[in-house]
Each structure stands twice: as C-alpha cells, then as structure tokens.
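Structure first, then comments.
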Amino acid sequence: MGKSNSKLKPEVVEELTRKTYFTEKEVQQWYKGFIKDCPSGQLDAAGFQKIYKQFFPFGDPTKFATFVFNVFDENKDGRIGFSEFIQALSVTSRGTLDEKLRWAFKLYDLDNDGYITRNEMLDIVDAIYQMVGNTVELPEEENTPEKRVDRIFAMMDKNADGKLTLQEFQEGSKADPSIVQALSLYDGLV
C-alpha cells in the first residue's frame, strides 16, 4: 500500500473482503477514512492513544489503548497498517461471540503464552478502570480492579491453578451476561 493512495488495489480489496465481514464498498470507505486520518498509511501507538482519548475524555485510556494497539499490531512492527486495522475492527465489531472471545483472550494474554494469569488480568482491568475514570458507578464487590479480578477468577478458574486457558475464559465469559453484553456493544454499529 503506497503512501496516501485514496484507493486500494482491487486484489487487496478482494482479499480483505474474504478475511473480514465487510463488503468491498465498506472496505474502500474505511480505507478512505484511514488514509485521511493516517496519511502515511500507518498508525503508531501515540496516534492510537489519541483516538482513544477522544472516546474516553474523563479518564486516562493510555494504558488500555496500548494493550489494544498491541493486539491490532499483528506483525509487531510498532505500527498498524490498514489491513491489520480492518481485520481487527471486523472481529471486534462484527465477529461471532467466539471470535470476539478469542480476540479478548489475546488482549488479556499479555505475554502470549496461551494463559491469562491473575497479574495479566489485573493489568488489563486496572487499565479499564483508569480509562473509564469516575464515569461508571461500580458495585461494592467490584469497586477496585483487585476485587473484579478476584471475582472473575473465582468464576472462571475451574481448576484453581491461578491461570485461565482459552477454554476456561470462553466458558466463563459466556456464563457472565455482563461480559457477553460488553462484547456485543458494537454489534451493528460498524
């Protein structure tokens, strides 16, 4: 993808429509917007954080945006290209529940070892609490990241080994209506 091309090559559009839940027209529209916002064709972590700040002005989304950026950045080059962007957007906005849960698992599995540890989950949950700031009133049993993580692990860590497998995470998430609802938040919006 060249610098600030306003159109994608037909073969790239075709490939992205195969790999995503977007139509050819939608891929082209998203590309136009992406190039408008990122004329270089790449989005770095600072730019990604800036976007998150627009959506969460009352908290500090920096840490969470960095975690999400790292999942979007599939090839780990420190930048998100359009292909990485549109594929992640497709899963998070239009993917099946299982696809979204696999994506969320990658977000929480910070060291990519195939497990979510208590500390990894605490890092993400703490980042979420920082991001939403005081805009959300939480119940007493979840008013700190530690309490929330304790509750999640009590529910999901069936073999009590202190880490969650993808299967434990998927089953536990599906059993918690608030998690399913959160994962479905953007359905149909994009």
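Backbone N, Cα and C define each Cβ position, glycine as well.
Swiss-Prot assigns the feature region 'Interaction with IL1RAPL1' to one of the listed ranges (123-139, 174-190), namely 174-190.
Spacing of ASP109 (Ca(2+) 2 binding site) relative to ASP157 (Ca(2+) 3 binding site) is 15 Å (Cα to Cα, whole number). A mean pLDDT of 93 is what the model gives for the domain 'EF-hand 1' (24-59).
According to its DSSP assignment, GLU120 (Ca(2+) 2 binding site) is helical. Under 8 Å, Cβ to Cβ, and six or more positions away along its own chain, GLU84 (Ca(2+) 1 binding site) finds PHE72, ASP73, GLU74, ASN75.
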